[in-house]
Amino acid sequence: MATIQWFPGYMAKALRQIKEQMPLVDIVFELVDARVPYSTQNPEINRMAGDKPRLLIMTKTDLADPTTTAHWIDYFEQNGQPVLALDSRAHQVAKQVTVKAQQILKDQLAAERAKGMQKRAIRAMCVGVPNVGKSTLLNHLVKKNVAATGNRPGVTTGQQWLRSSADLELLDTPGVLWPKFATQTQAKMLALSGAIKDSLYPKDDVAIFALDYLRAHRTQELMTRYRLSPASLEDGVTTPDLLLEITKKMGMKDDYDRASERLIFEMRRGKLGTFTLEDPTDLEAGDEDE
């Protein structure tokens, strides 16, 4: 089984620039994929931010399991981490983000006013892993298409300041990962969510990982989508054998790779229902990599 890892030179450079810019901002907006809300947090960003206020913004909530999203919101809040769960396509996104940032920074802003300083815009740095939906959110915040969007990692490759309103200025940064993933389970989660370039991992490994989840949590959707019988999902059927059956149902004979790529794409697009690959109880259980 091939090891999944992706940390190209431009990400290392971007992390250095993020560290240099960190003193210039009041708050860090870290966007995390609601389907993988723990594993899409970048430990390097957390280390660089230090004690600086940080707002977690959960994106792609329309594709995530709503019950598990609620569990994650409770988990983050109970651990003192401010969080917003957003569908970045919805209205009032800019207002929600601005109000939340003002609440987090209310003591700092009040102290500045007490010193007679002029009211100013909050300066926020927007960070996140590749393809987390950062550019889509930023375009809502500034109400025009200033950041390139696309369903592939690596669309944004430079830093730029954007003005959302008189109350909020944003520093956009490229999507970045970190030098070494904690586990290969985490790597597969990132790959399945779209944070890792599709050409850089074995499709069948990630498809089998996806099927293990679907067998456990989305049985009916899996059967309906690929016209499977209950016998196909019995305990005696291995996941590779199930992938081979789905490959044939797709009309691809024994082309595992093509079928794997299609299954991954369809799962990302919500064709197999909403999904969230990790739950706060996983952290409490201390699950280890396979």
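Including glycine, each Cβ sits where the backbone N, Cα and C put it.
Annotation source TrEMBL lists GTP binding site at N131, V132, G133, K134, S135, T136, G175.
The domain 'CP-type G' annotation in TrEMBL covers 15-179.
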Candidate with sparsest Cβ neighbourhood (10 Å radius) among G133, G175, the listed binding-site residues: G175
Arithmetic mean of per-residue pLDDT over the domain 'CP-type G' (15-179): 89
Max CA-CA distance, Å, over listed GTP-binding residues N131, V132, G133, K134, S135, T136, G175: 13
In three-state DSSP terms, the structure that K134 (GTP binding site) belongs to: helix
Most crowded position, judged by CB atoms within 10 A, among N131, S135, T136 as binding-site residues: N131
Cβ-Cβ distance under 8 Å to V132 (GTP binding site), same chain, at least six residues away: L31, V32, D33, T40, T59, K60, G175, A195
